[in-house]
Amino acid sequence: MSSYANHQALAGLTLGKSTDYRDTYDASLLQGVPRSLNRDPLGLKADNLPFHGTDIWTLYELSWLNAKGLPQVAVGHVELDYTSVNLIESKSFKLYLNSFNQTRFNNWDEVRQTLERDLSTCAQGKISVALYRLDELEGQPIGHFNGTCIDDQDITIDNYEFTTDYLENATSGEKVVEETLVSHLLKSNCLITHQPDWGSIQIQYRGRQIDREKLLRYLVSFRHHNEFHEQCVERIFNDLLRFCQPEKLSVYARYTRRGGLDINPWRSNSDFVPSTTRLVRQ
């Protein structure tokens, strides 16, 4: 269990509780979770973070009424900056989006501006929102993470409790390498409900070579770990930076969707540019 799982900042969340669904616009449904909850135990300070990045959200169940009452549908793309005070809690995001369903808006841009304003207010940070008509995305290919997949290893694993022990002495040699490693075996659990979160992760680094078996064992140790998606990615970045000490590091996870939303956080200390095309499980 995470050290802050019972923090008072989480007590008021609708997550894990029975809720009524509202279909008329209500910005108060949005709830934020302070990023400091997981950053403080990691020794990460808001004014001196070792990374930059965004939380990329895809909104698959977004609908509202136009001025004449005709339903509209769109796919939304949201990027929340890593410097925001709060992350957006996903169940509250879903409930908030449901409140658009029977609400009339004059045009698409009004919807976009409303989303941008409300999400920025909740997160207390910079955010960008784009809305796409379905025909703009039809035929878009399924993407994949570039890099070497480390999953096909003939190893025995019998420990699924989170530990950084596997990263001890996980680098070897003095030669500097630059490589991208990928795993589809990332599984963590919701901080509150403990429901499973499934993801693929891409780790791009420059530095002493990281032992792939030790890295895979470390990633598998998240299997019983309870944290939000964004928190897991920051923990992985921080652990790799601390134990492996790469010159450059980027960590990017794309999680499967739940409630019509998928969350795809990335953190980097280099000029990393994430691919935003959905993966096969998304």
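Glycine residues also receive a Cβ, built from the backbone N, Cα and C atoms like all the rest.
What Swiss-Prot records for this protein:
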- Ile88, Glu89, Ser90, His229, Glu230: substrate binding site (BINDING)
- Ser90, Lys91, Arg258, Gly259: NADPH binding site (BINDING)
- Cys190: active site, thioimide intermediate (ACT_SITE)
- Asp197: active site, proton donor (ACT_SITE)
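Recorded features from Swiss-Prot, shown on the structure.
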residue : record                              : DSSP (3 states)
Ile88   : substrate binding site              : strand
Cys190  : active site, thioimide intermediate : coil
Asp197  : active site, proton donor           : strand
His229  : substrate binding site              : helix
Arg258  : NADPH binding site                  : strand
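Max Cα-Cα distance over the annotated substrate binders (Ile88, Glu89, Ser90, His229, Glu230) is 11 Å.
Between the two most distant C-alpha atoms of the annotated NADPH binders (Ser90, Lys91, Arg258, Gly259) there are 9 Å. Cα-Cα distance from Lys91 (NADPH binding site) to Cys190 (active site, thioimide intermediate): 11 Å (rounded to the nearest whole number). The binding-site residues in question are Lys91, His229, Arg258, and the one with the fewest Cβ neighbours inside 10 Å is Arg258.
In sequence order, the binding-site residues near Gly259 (NADPH binding site) (Cα within 10 Å of its Cα) are Ser90, drawn from Ile88, Glu89, Ser90, His229, Glu230.
Distance from the CA of the residue listed as 'active site, proton donor' to the CA of Glu230 (substrate binding site) is 12 Å. Within 10 Å of Asp197 (active site, proton donor), counting CA to CA, the binding-site residues Ile88, Glu89, Ser90 contribute nothing.
Report note: the NADPH site is defined by Ser90, Lys91, Arg258, Gly259, and the residues of the same chain whose CB lies within 8 Å of the CB centroid of those residues, excluding them, are Phe93, Lys94, Gly260, Leu261.
Counting other C-beta atoms within 10 Å of each candidate's C-beta, the binding-site residues Glu89, Glu230 are led by Glu230.
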